[in-house]
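These come from TrEMBL:
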- 462-568: domain 'STAS' (DOMAIN)
- 52-70: transmembrane segment (TRANSMEM)
- 76-94: transmembrane segment (TRANSMEM)
- 124-146: transmembrane segment (TRANSMEM)
- 199-218: transmembrane segment (TRANSMEM)
- 238-260: transmembrane segment (TRANSMEM)
- 326-344: transmembrane segment (TRANSMEM)
- 364-384: transmembrane segment (TRANSMEM)
- 391-412: transmembrane segment (TRANSMEM)
- 432-452: transmembrane segment (TRANSMEM)
Amino acid sequence: MEPLVDRPGPQIGRSSLGERMASCCSYRTLQAWLPILTWLPKYRLSWLQMDLIAGLTVGLTTVPQALAYAEVAGLPVQYGLYSAFMGGFIYTFLGTSKDVTLGPTAIMSLLCASYVGGDPVRAVLLSLICGTIQTAMALLRLGFLLDFISFPVIKGFTCAAAVTIGFGQVKNVLGLKDIPHEFFLQVYYTFYRIPETRIGDVVLGLLCLCLLVTLQWMKSTLEPPSEQNALLTRAAHSLVWGIATVRNALVVVAATFVAFSWNAFGSPVFTITGKTSQGLPPFRAPPLFETTPNGTSISFGEIIEDGISQKSSSQNDYRINANQELFAIGLTNIMGSFVSAYPVTGSFGRTAVNSQTGVCTPAGGIVTGVVVLLSLAFLMPAFYYIPKASLAAVIICAVAPLVDYRVVMQFWRIQLDLVPFLITFLLSFWEVQYGIVGGVVVSGLMLLYNVARPSIKVCDHGVLVMELDSGLSFPSTEYLNTVLYTQALQASPPRSVVLDCHHVNTVDYTVVNELRDLLRQFKLRGVGLIFSGLQYSVLEVLLAADLPDLRHTASVEAALTILSGSTQ
């Protein structure tokens with residue numbers, strides 16, 4: 001199987017306007033915007049079987065997860081399915097990865113809940129706004145902004161979100177109602193109201209959790225089939241692996257059957273999902289205003305202002321194009337708002353399932369979308385009896401792997417990474433978006449500190465040799481000035497200095513201006529300052545600045561010879 005490879009657009013250098021326009025209109029540029037054109041002409045019949053199997057498997061995983069994530073978003077369960085099918089169709093045309101699946105996720109649902117407060121109208125409108133912003137960022141090629149979110153920030157956010165989401169489902173396992181959404185209040189009132197626990201929900205929830213964990217453990221410890229009895233072994237291996245892969249669907253179906261049976265015998269001991277809308281969502285423009293139950297109309301601007309005011313209080317052989325992925329997600333959210341979807345993004349868990357089942361192209365997403373549509377069309381009446389405890393078990397098992405203690409131990413060994421991780425993790429319990437902002441700010445400050453305080457290695461060879469380990473820019477000029485003054489100019493007697501610059505590849509005007517003053521100070525004190533190992537680009541800037549008494553050598557040894565007075 002040939003891997004799907006991202007084909008970025010052509011690099012345009014100095015060329016005529018006509019050449020640039022021709023390049024922009026080329027077939028390669030079209031491939032960059034429509035990646036389906038890179039793999040569809042090479043599509044093989046053998047890939048179709050793998051895409052069908054992968055799409056069906058992911059679809060059976062998506063349906064129960066979508067229902068559960070709608071609960072996290074505080075929306076009726078059908079909105080999870082409304083959000084789950086559009087991504088598969090659009091990503092087939094626009095996606096740069098054969099594995100990625102778009103749809104509702106636990107973390108996105110948590111973020112959505114904090115903004116829309118369980119209001120479907122606002123959730124759909126949020127999808128339109130998110131999609132518009134994401135698409136604009138993709139068209140402006142702003143995907144590079146993702147590079148400024150460090151790995152410790154991402155892990156701190158996902159760990160905190162997983163804890164928040166997982167604990168938020170404890171109330172459904174216990175059968176408790178009317179628990180606040182704020183994390184700290186949620187913790188308090190969950191323990192405060194434990195005496196109100198419903199035994200039926202607890203038993204069913206724990207059974208579902210045990211079954212899900214067992215099936216996941218079986219899948220992770222499953223050994224490859226042996227050579228002896230190869231056919232039988234492979235069949236058993238495939239059966240166990242398949243059951244474990246669609247474990248969410250099997251557990252929810254079994255729990256629904258149990259709840260239906262108890263209700264049929266007049267013993268409603270489980271908290272069930274209840275009435276849901278039946279059929280496919282209508283295709284219509286997203287609402288730009290909302291009418292409250294008392295007849296008051298709220299405009300688009302008022303909805304936005306209200307949301308703001310509330311808040312103020314790689315394993316595979318291909319490369320992902322960040323801008324193209326952003327474009328695909330943005331367009332999915334825009335189109336999703338026309339079918340009553342709330343914001344979606346790429347799913348870690350379902351992407352892993354997609355990859356493990358051997359998907360060959362993004363066309364598997366079409367099969368997944370069809371499975372979701374069929375569920376909406378024919379299975380919605382059955383969703384009435386889905387126990388909330390079973391959906392809670394699905395969510396808890398889905399977010400548990402996001403709490404990666406091994407990564408935390410690695411951060412503990414690398415103290416600099418531990419700081420943004422902890423800041424992000426702790427602030428995310430207040431508001432997850434504040435955690436991200438706090439972590440990014442701390443990471444940025446640490447990055448700026450490294451720029452402003454470059455490492456300077458000082459050696460004494462009769463004269464001082466100072467080796468810089470990075471480029472020089474305006475934040476570092478004061479630090480360089482201080483080191484040279486304290487180590488050389490203020491020494492008694494003043495010392496000559498060789499500035500080893502073979503690691504320096506950039507300078508700016510502030511640095512040049514500071515070097516001019518330093519050269520004058522060294523001359524006044526009768527000592528020398530020689531630059532060694534200057535790269536051509538840096539030397540060209542210094543010569544253009546016409547620095548007085550600028551001396552430079554190819555090596556430190558040559559500079560030491562000059563300063564020792566053995567040569568002129």
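Here the Cβ of each residue, glycine as well, is placed from N, Cα and C on the backbone.
Here the transmembrane segment (52-70) has long-range neighbours at 76-81, 83-84, 88, 101, 103-106, 108-109, 242, 245-246, 248-249, 251-252, 273, 347, 349-350, 353-354, 357-360, 363-372, 375, 383, 386, 391-392, 394-395, 398, meaning same-chain residues at least 6 beyond its ends whose C-beta is under 8 angstroms from one of its own. Counting residues of the domain 'STAS' (462-568) by DSSP class, helix then strand then coil, yields 50 helix, 15 strand, 42 coil.
Counting residues 6+ beyond its ends, the transmembrane segment (238-260) has Cβ neighbours under 8 Å at 57, 60-61, 63-65, 67, 204, 208, 211-212, 215-216, 218-219, 222, 270, 272, 353, 356-357, 382-383, 385-387, 389-391, 393-394, 397-398 in the same chain.
Within the same chain, residues 33-36, 55, 62-63, 65-70, 100-104, 120, 123, 127, 273, 276-277, 281, 324, 327-329, 331-332, 335-336, 339-344, 361-370, 372-373, 375-376, 380, 383, 386, 391 sit at least 6 positions outside the transmembrane segment (76-94) and bring their C-beta atoms closer than 8 Å to a C-beta of that stretch. Against the transmembrane segment (199-218), stretch 391-412 has more CB pairs under 8 A than any other of 124-146, 326-344, 364-384, 391-412. The average pLDDT for the domain 'STAS' (462-568) in the predicted structure is 86. Sequence-distant neighbours of the transmembrane segment (391-412) (same chain, 6+ residues past either end, Cβ-Cβ under 8 Å): 64-65, 67-69, 71-72, 77, 106, 152, 155, 158-159, 161-163, 165-166, 169-170, 172-173, 205, 208-209, 212-213, 216, 248, 251-252, 273, 348-349, 418, 421.
Packing against the transmembrane segment (326-344) from elsewhere in the chain are residues 33, 73, 75, 79, 82-87, 90-91, 94-96, 102-105, 108-109, 111-112, 116, 120, 123-128, 130-139, 142-143, 280-286: each is 6 or more residues past its ends and has a CB under 8 Å from a CB in it.
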